[in-house]
Amino acid sequence: SWMWFCIMIGSLIATVMNGPLADAGKPQISIFVSAALQAITCVFYLFNWYGEKKNRVLRSEDALFILEETRKERERLGLEGVNNGTAGAQHGGAAKGKRSPQRSHSDEDVEGAVRDALNDGQRDNGELVQDVYDDAYDDGEEVAEGEVYYGKPPVPCLFGLFEANTEVISKNWKIFVYSVVMTCAVIAMLCANILADTLGLLVACVVVSTICCAASFWALPLVIAKANVFAYLDKAVSIRVSGPLNAFYLNTYGCPGNLPNFTYTFYNTVAGVINTIVGMITVTLFNFLFAKHGYRLTFIVTTIMQVMGGVFDIIMVKRWNLYIGIPDHAMYIWGYTVVGELVYMLALMPPVVLLSRLCPRGSESVVYALMAGFASLGQTTAASLGAILLEYGLPVFKTQDDGSRCNYDNLPLLLFLCNMCTPLLAIPLSIILLPKARICDDIDIDGKVVRQAVDKQVAAAPLPSSDSDAVMNAEPLHGNKADEREAARGEAVQGKRAGASEK
């Protein structure tokens, strides 16, 4: 939630500036201010003021994390004693089909210190690894390759400016290819919007959507791919027709009649500030309202709320608000700015939370960037579909024979289709593509709920091998872990039978 607060604060600053600058006829100033602020953020990256660790340190932490988690898992299953962590962790890694980290003599102290810290709860393992590596670099020593890395060490590039995880790329080559496909898709849509006519834009939308969705199922695990495609389709079916609506509210073409005639200061700044404040409140309320509900139910409820919120624009376009005595400014503030933003943020949060929880360890940033980028491509597709609908289906503010552009008779029907009908198509998609889990649950890449609290309690109290009841009551596992549990349970039962026969 705090990330969304920071984003909305930046949006608040932008909205305060944009309205008055647009009314003054100098909107380009906001572009220069934005460029300057983005240049300032580069300083934080160049000097690493936010304290990001070196890539090799993070890789070492991942290796030690895997060792420790494997040791705890085997202790929980009663396959080894508490004091036999190292050998058991390495053996457990082999049981999972994973290679144990390569080690040299100089790394034994590092790994031992980190393991002691994990067992004693004295310090964070990342800080210990960071200290050891920092001391080595300060003394002018090179850290030997393959020390505590889970596989191959990172490769330094551009004189050490950054490091590339070649092993991660080789193991996740499908994701790498998918990122290339996504980049090409974005470039293709950009070129189509600039160069192609409306029919060409339609063809580009269909081709890009098909290729990207198919590539998603090819490159990503099934659960992640389904969530990725859902995020894209959810944005794509919410067809965007903001251009004609803005022209109506601002009376861009100077049309006669009783139009709202909002100023940019009110439309962008006043409404934008209220919009941002409502968004901040909504992000906070979301955790209290939907945190313990399932993704499917939450999305269905928020989608219906969003569809109902779309009626306010239709009321204003039809001018029904004036018939019941509500001024345009009050209707817009209450309808679009308050209710509209409230339901929009409530509908936005479930896919965002789901995408963040599905990212696999070791490639979180890459997978999340791809999924978020694909969702943004869905917004571009929605805008393109809106342009196609305006061109071939329901033209609004189109140039007439007399040169005027004041015909907006089709705008209410257009808003009804785009704001209240097509978003409902995402409801059956949510039942098919979203996992059956609560928003507060942690989900693995197979779509199964991970009960971390139970895991920690069981791992904190290692099980004796003869306690078959405790083994049977442990958390359900899958794959090799389930095989290990069955073996432990069989050994325990055999031990009890042998004891009974001796008696």
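All positions are counted from 1 along the displayed chain.
Heads up, the Cβ atoms here are built off N, Cα and C, so glycines get one too.
Annotation comment: TrEMBL describes 460-470 as compositional bias 'Low complexity'.
Here TrEMBL flags 478-489 as compositional bias 'Basic and acidic residues'.
Under the heading region 'Disordered', TrEMBL lists 77-110 (among others).
Positions annotated as region 'Disordered' by TrEMBL: 460-503 (among others).
For 1-18, the entry in TrEMBL reads signal peptide.
The annotation transmembrane segment is assigned in TrEMBL to 28-50 (among others).
Among the features that TrEMBL reports, transmembrane segment is placed at 175-195 (among others). Within the same chain, residues 169, 201, 204-205, 207-208, 211-212, 215-216, 218-220, 363, 366-367, 370, 373-374, 377, 380-381, 384 sit at least 6 positions outside the transmembrane segment (175-195) and bring their C-beta atoms closer than 8 Å to a C-beta of that stretch.
Sequence-remote contacts of a segment are chain residues at least 6 beyond its ends whose Cβ falls under 8 Å from one of its Cβ atoms, and for the transmembrane segment (201-225) they are 174-175, 177-178, 181-182, 185, 188-189, 192-193, 232, 236, 358, 360, 367, 371, 374, 377, 381, 384-385, 387-388, 435, 443, 445-447. What TrEMBL records for 201-225 (among others) is transmembrane segment.
Among the features that TrEMBL reports, transmembrane segment is placed at 237-254 (among others). If you look at the transmembrane segment (237-254), the same-chain residues 6 or more away from its ends with a CB under 8 A from one of its CBs are 260-262, 264, 267, 313, 316-317, 332, 379, 382-383, 385-386, 389-390, 396-397, 404-406, 408, 411, 414-415, 417-418, 422-423, 425-426.
With a cut-off of 8 Å between Cβ atoms, the residues of this chain six or more beyond the transmembrane segment (266-290) that come close are 1, 4-5, 8-9, 11-12, 14-20, 22, 246, 249-250, 298, 301-302, 329, 332-333, 336-338, 341-342, 345-346, 349-350, 439. As annotated by TrEMBL, transmembrane segment applies to 266-290 (among others).
As annotated by TrEMBL, transmembrane segment applies to 297-317 (among others).
Positions annotated as transmembrane segment by TrEMBL: 329-354 (among others). Among residues of the same chain six or more beyond the transmembrane segment (329-354), those with a C-beta under 8 A of the stretch's C-beta atoms are 227, 230-231, 234, 249, 260, 262, 266, 270-271, 274-275, 278-279, 282-283, 286, 289-290, 295, 298-299, 302-303, 305-306, 308-310, 312-313, 315-316, 321, 375, 434-435, 439, 443.
As annotated by TrEMBL, transmembrane segment applies to 366-390 (among others). Sequence-distant contacts of the transmembrane segment (366-390) (same chain, at least 6 residues past either end, Cβ-Cβ under 8 Å): 172, 175, 178-179, 182, 185-186, 189, 192-193, 198, 201-202, 204-205, 208-209, 212, 216, 220, 224, 227-228, 231-244, 351, 355-356, 358-360, 396, 414, 417-418.
Residues 226-227, 229-230, 233-234, 237-241, 244-245, 248, 295-296, 299-300, 303, 306-307, 310-311, 313-314, 317-318, 354, 386, 389-390, 394-396 of the same chain sit 6 or more residues outside the transmembrane segment (410-434) yet have a Cβ under 8 Å from a Cβ within it. Annotated transmembrane segment per TrEMBL: 410-434 (among others), in sequence order.
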